[in-house]
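This report concerns only the one structure given below.
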Amino acid sequence: MSSDKTSGGLRSPFRRKLLLGMAALPALTLLPRGAIAQALATDAVNTTKLAVTDSTVKVGILHSTTGTMAISETGSVQAEKLAIAQINEMGGVLGRKIEVIQEDGASDWPTFAEKARKLLVEDKVAAVFGCWTSASRKAVLPVFEQYNGMLYYPTFYEGLEQSKNVIYTGQEATQQILAGLDWVSKEKSAKSFFLIGSDYIWPRTSNKIARKHIEKNGQKVVGEEYFPLGHTQFNSVINKIKLTKPDVIYASVVGGSNVAFYKQLKAAGINLEKQTLMTISVTEDELLGIGGENIAGAYACMKYFQSLKNPNNEKFVAAFKKMWGGESVIGDVTQAGYLGPWLWKLTVEKAQSFDIDKIAVASEGIEFKEAPEGYVRVHANHHLWSKTRVGRARMDGQFDMVYETADLIEPDPFPKGYQ
Amino acid sequence: MFEGYSLAELGSIFAMQGFAGLILFSVFVLMALGLAIIFGQMGVINMAHGEFMILGAYVTYLCSTLVSQHAPALFPVYFFVAMILAFIASGLLGMLVEWGMIRFLYKRPLDTLLATWGLSLILQQIFRSVFGAREVGVVLPDWLMGSVAVTDTIEVPINGLFVMALTMAITVVIYVVMFRSRWGQGVRAVMQNRTMAGAVGINTEKVDRYTFGLGCGIAGVAGSAFTMVGSTGPTSGQLYIVDTFLVVVFGGAQSLLGTIASAFAISQAQSTMEFFLSGSTAKVLTLLTVIVILMLRPQGLFVLKVRR
């Protein structure tokens, strides 16, 4: 229902731009090609019996809308639906309207695998946008490889993975970590770091990379601590932080623990305006629950912030709020979710085919110039070239960007010397 | 890890660490008291205990939002009103649940486990539908944030002190209600021998309902207080349930003193080990110790002597 409203609103700006002939926008330059492609016979663009007809193409959205992970995955679902609505508004993909089949992974990894199988085998969808945690991605990966599907995965993650059947639209670990550490070392003349994270693969792998990088630069890690998911009492470790007096607290605590950690940090008298804290796990979504007053002053290392000032982003934020309400916030992963459908559309139109094998090959070098984060390009390893940015948390739950890398950072899911 | 520190620095760190342990102790007692009444006195395994806590947290959230919008002048003291409302909301829901569900299951204790677990899922989904899947931020009055500097180097979190004071107050109230009042005598009589209690004229159904309501109400207050230290989301209740049961079972289900002693033992063990070892290892060692002790003493630390 709400998507209809949005599409009506989007039409006029796009049309005006088209009239102005802003040919630099790839999505628009592709529009005439899409119109020609309508003439392409379905048999020609779909040789593997995917759910493609002369006028429609089916795709899947596979996220948790119930259970613990719903808190994080809701934003991704919204962004993907927004992108699909916008694409349909512009005439769809190869002249075919996108139809969404949404499945609920219910925060349960076997359920993710089962729903992925359903989407690929029964619905024969041309692409799936979904998964959030690494555990859910690992659960569906064999399914996508067995039935040759295509997954667009939006979350920043620990790397150490690459598949023909997955496009990773979030950052892998080195993209998120290295530039941020270099910045904080230079800006704050940091010599010592205290690493703290939740106890599972992503924080542990990320901290491993961070530690190598810190030690390579001749700096010191004065503490490295992990807590079970859902841990709510951080007073002891906060005392340890006080004892070791690190220049930088480097945090990758996730979920409900996050809120407890920052509230207790503040209560213990650690003022984040004075004590430098850098986190790789707090986006605008998490800020809502933590409360701006508890975390203001902390630095987050991401590739996207809602407050980014560029025309693409302003348009994206306005469209998102129009579709999902003025109160909604957009975090790093939500933006990466938005990239998925667009990258898929551009790839299909480059390949002139919905066939998975052709898309897997054609993905390399796909550019999306209208990305809210700026400009992204798909690497041969199916990850994205993108910038690393550092933002400072504000009281009102947004970030002020204080640094961005000059160039796009090359994705390196298997970093040498960091294993 | 202590090279290069002066004695004074170490002294203040240990003092703060002592407080950290006491705060954890208060948190454990607060979350376990409600369950100690329901599980310990009534024998009902209430898996939805965490959700009753979160109901209290959401009531606090609503209060903070309403007060900051409509009566900002009252903001510094809204927290007390919120805790009372949290008690009433969770207590009423508890009585409703007892009336609609639990009372049919007193003779089938294992079924209450399944039924209340189902209830916890239902409540989670209701929270998610009403308040949204994302965590909400509860804004606290300024005087509850920050820390008191006892000396130059020793700082104690104010919200920790608040939780400690609240825990003490509630423990005293529970003690008076359960062991010094006529009503508490009735509760204990019903739990020890339902038939006889009925025969001497105690309305056992009513006693059950109010006891369950009291336990849930205290859970609500605990949830309200925990908005200061933790998160408020549809599934946040799950974060507390394991520790809560651990404390109650380890202490000996029927003894309030046992609950307090076990909360003290577990919290001190955990916070000390967390300081010297890593967080995850501390948790593992704590659980292992509890398991070993429970193998040697299955009834828990303290047992009421009752003639069966």
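Each residue, glycine too, has its Cβ placed from N, Cα and C.
Lifted from TrEMBL, the feature list:
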- B:20-40: transmembrane segment (TRANSMEM)
- B:52-71: transmembrane segment (TRANSMEM)
- B:77-97: transmembrane segment (TRANSMEM)
- B:109-127: transmembrane segment (TRANSMEM)
- B:158-178: transmembrane segment (TRANSMEM)
- B:212-233: transmembrane segment (TRANSMEM)
- B:245-266: transmembrane segment (TRANSMEM)
- B:275-296: transmembrane segment (TRANSMEM)
Here the stretch out of B:20-40, B:158-178, B:275-296 with the most C-beta pairs under 8 Å to the transmembrane segment (B:245-266) is B:20-40
Do the transmembrane segment (B:77-97) and the transmembrane segment (B:275-296) come close, with at least three CB pairs under 8 A (pairs 6 or more apart in sequence)?
no
Same chain, outside the transmembrane segment (B:212-233) by at least 6, Cβ under 8 Å from its Cβ: which residues?
27, 30-31, 33-38, 42, 44, 46, 49, 52-61, 79, 82-83, 86-95, 97-98, 102, 127, 133-138, 140, 144, 159-160, 162-163, 166, 170, 174, 177, 239-240
Close approaches to the transmembrane segment (B:20-40) from elsewhere in its chain (Cβ under 8 angstroms; 6 or more beyond its ends):
46, 49, 52-53, 157, 160, 163-164, 166-168, 170-171, 174, 178, 211-212, 214-219, 221-222, 225-226, 229, 240, 243-245, 247-248, 251, 253-256, 259-260, 263-264, 266-268, 270-272, 275
